[in-house]
Amino acid sequence: MQIYLGITICLVAFLTVIDCAIPYYRTHSNFGSLGRRKVRQVQRDLTYRWPNNTVPYYVGNVTSTIKKSVRLAIEELQAWTCIRFQNVNEKYSDGDSVRIVDLGSCSSPIGRQQIGTQDVSLTKNCWGMGTAIHELMHAIGIEHTQSRSDRNRYLDILAQNIDNRDLPNFELLSPRLWANLVPYDYGSVMHYSADSFSNKDDEQTMLPKDRSFIETMGSMIPNFYDFDQINQYYQCYDSCRNAGQLANCANGGIPNPNNCQVCNCPMGYGGDLCDQRPEGCGSTLVATDRWQKQKLSVRFSRNDDQYFTFCNSWIVGPSDRTLQVIYEITSDSIRRQICSFGCYEGGIEVKHLQDPRITNDRDCCLNTPLNLTTTVNPLPVILYTSGATVTYDFSYRYV
């Protein structure tokens with residue numbers, strides 16, 4: 001048995017979430033080698049928003065690695081939203097501010113607390129940019145996805161696998177106090193993993209109603225709806241309503257509030273108008289009425305330290321036809337290496353669902369072929385990794 005470090009979320013105090021660093025274990029089961037990672041919603045009370053969409057912050061006693069995680073997270077949030085992080089010094093006294101500090105946990109209050117300086121804590125076990133974005137999203141007012149008032153439509157909670165002291169972490173938010181601005185997304189960076197707070201090794205505490213999403217929950221990849229709800233909550237899209245030229249976005253894209261002539265694009269789509277395959281590795285595969293086979297791979301780039309390398313491919317066919325794909329990972333040893341709740345070491349996402357914005361079911365564990373039929377065309381196929389070279393055998397055709 002290999003032992004790794006992961007994070008858990010412990011709800012403490014008022015509107016504060018702590019992600020406590022603890023060990024987790026990768027073990028074998030009939031589902032595969034599943035990692036154990038203990039680790040959105042917005043308040044209707046707008047006083048928790050940061051004035052002028054600006055968060056003053058300064059960095060305290062953290063390592064250079066954490067500083068890089070914070071820098072990358074801020075760059076990502078500022079690229080997708082109108083939120084601005086203003087770097088100030090520790091003597092800042094013109095209002096509320098955020099201090100990035102290591103308090104031995106991954107934690108943040110929810111929204112602006114109006115107490116002067118509030119802490120966002122990141123420690124060495126808070127993994128990369130994904131966790132930094134998670135905590136900064138808490139700081140600007142975003143709660144956990146699985147706490148939404150409509151959660152029970154999407155999850156089954158297995159209370160028998162949760163200690164009584166941990167059950168408050170699964171309480172629902174009041175719809176009177178908290179608003180759901182976007183659809184429920186299992187792949188949100190704000191969603192718990194399937195085994196969060198489990199009191200038994202290799203036992204789930206929550207199961208998606210659609211079981212194919214069990215590996216998707218617990219993602220370290222911020223998705224389209226994560227940024228979209230920030231933009232709605234902070235009314236970022238208002239800047240584009242009066243714009244002279246507005247991008248005509250395809251495939252579910254929305255004009256970027258920082259530049260209304262280009263689009264924020266869902267994963268798997270790129271270009272200024274979301275009508276192109278994203279730049280970088282990957283290829284466009286043209287389907288015929290006969291099965292074709294192709295190996296699709298992603299190799300980690302050291303330039304993507306603290307995050308992931310992505311390769312985006314498209315499968316295209318005639319507009320009036322349905323696409324069929326069959327895929328499976330080529331190496332069982334790599335499968336065992338990357339298999340985890342959250343697929344945070346690598347995996348694949350085939351965007352076959354009709355909503356191009358939502359996270360589809362990701363795979364990093366199954367050792368049998370997956371078979372999909374979809375009218376989505378072109379069909380995005382996203383491979384990603386945080387280290388290992390991941391390769392899938394792909395068969396495809398149209399019918």
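In case you wondered, yes, glycine gets a Cβ from its N, Cα and C as well.
The number of other CB atoms found within 10 A of the CB of Glu135 (active site), across every protein chain shown, is 24. As annotated by Swiss-Prot, active site applies to Glu135, with the evidence given as sequence analysis.
For His138 (Zn(2+) binding site), the count of additional Cβ atoms within 10 Å of its Cβ stands at 24 [all protein chains shown]. Swiss-Prot lists His134, His138, His144 with the feature Zn(2+) binding site.
Summarising the annotation, Swiss-Prot assigns domain 'Peptidase M12A' to 41-237.
Averaged across the domain 'EGF-like' (232-275), pLDDT for the predicted model comes to 96. Residues annotated as domain 'EGF-like' in Swiss-Prot: 232-275.
The N-linked glycosylation site annotation in Swiss-Prot covers Asn52 (among others). In the structure as shown, the Cβ atom of Asn52 (N-linked glycosylation site) sits within 10 Å of 11 other Cβ atoms. Under the three-state DSSP scheme, Asn52 (N-linked glycosylation site) falls in the helix class.
On its own chain, Asn61 (N-linked glycosylation site) has Val101, Asp102 as residues at least 6 apart in sequence with a Cβ closer than 8 Å to its own Cβ. What Swiss-Prot records for Asn61 (among others) is N-linked glycosylation site, and it gives sequence analysis as the kind of evidence.
There are 11 other Cβ atoms within 10 Å of the Cβ belonging to Asn371 (N-linked glycosylation site). As annotated by Swiss-Prot, N-linked glycosylation site applies to Asn371 (among others), with the evidence given as sequence analysis.
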Proximal residue to Asn52 (N-linked glycosylation site) among recorded positions His134, Glu135, His138, His144 (C-alpha distance): His138
